[in-house]
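Q: Positions annotated as active site, nucleophile by TrEMBL: 9. Residues annotated as active site, proton donor in TrEMBL: 11. Taken from TrEMBL, the feature Mg(2+) binding site applies to 9, 11, 177. According to TrEMBL, the feature substrate binding site maps to 20, 95.
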């Protein structure tokens, strides 16, 4: 394993749009949704739209067909497959819902590339999709004023970081585009990487708050650049790790005091003989 964890946002990062908006547009509910949005939160309103679709006779399979048409840059799947084949641990942290994400990724054949997908849960109730918040803000607040009430991605990243330390995985690469990706970007550490999408809110926030960002910043504009930049960063990390492993290689050397380990980078004293 490469010891590198790559965390993707989903909407406008893996796909070329917001998955909720895509379904709303394709079902003619966009205008109604935005009329109601000022008086409620996004997450429960999307759940209400799922109920509206069910009442109109739309089936889950109808929604699956809509999701299968979600636009995605043609280089995204190869980028995911390449990162996975290099031994990276791939995860998704998204404010979208798990059903939309899973359906789209399975359609493109890369669902199994991800070890974890952290998103708003969804349940099926008598043929209707019920969207629930990842964090139940009606019971308690997550306490972050940078994030929407249903999910603080920064807290999610902290939990991942704690698990990485226990597993010996030290490098984290985070890719995102939106306002909700700024909080997790602030939690990244020295040696990590953040990849904001250019001309999207996260890139602007990172640029304006560069003194608060500890991670190395690498922007990207589209799927082609995402693939190039991501694989370049992964290759760099793997190369550095291999160099470290090679530079610390030891051999056993016999001397009067018994065998000792000598760093192969240093010249051996003339009085010592190397035993292989």
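Note: Cβ is positioned from N, Cα and C throughout, glycine not excepted.
Can you tell me where each of these features sits in this structure?
A: For residue 9 (active site, nucleophile), the same-chain residues 6+ apart in sequence whose C-beta sits under 8 angstroms from its C-beta are 92, 93, 94, 175, 176, 177, 178, 180, 181.
In sequence order, 17, 18, 19, 20, 94, 95, 96, 177, 178 are the residues of the chain that are 6 or more apart from residue 11 (active site, proton donor) and have a CB within less than 8 Å of its CB.
Neighbour density for residue 20 (substrate binding site): within 10 A of its CB lie 22 other CB atoms from the protein chains shown.
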Q: Of 95, 177, which of the binding-site residues has the most Cβ neighbours inside 10 Å?
A: 95
Q: Write out, in the order they occur in the sequence, the residues of the chain not among 9, 11, 177 that have a C-beta within 8 Å of the mean position of the C-beta atoms of the recorded Mg(2+) site.
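A: Here the non-site neighbours turn out to be 10, 12, 13, 14, 94, 176, 178, 180, 181, 197, 200.
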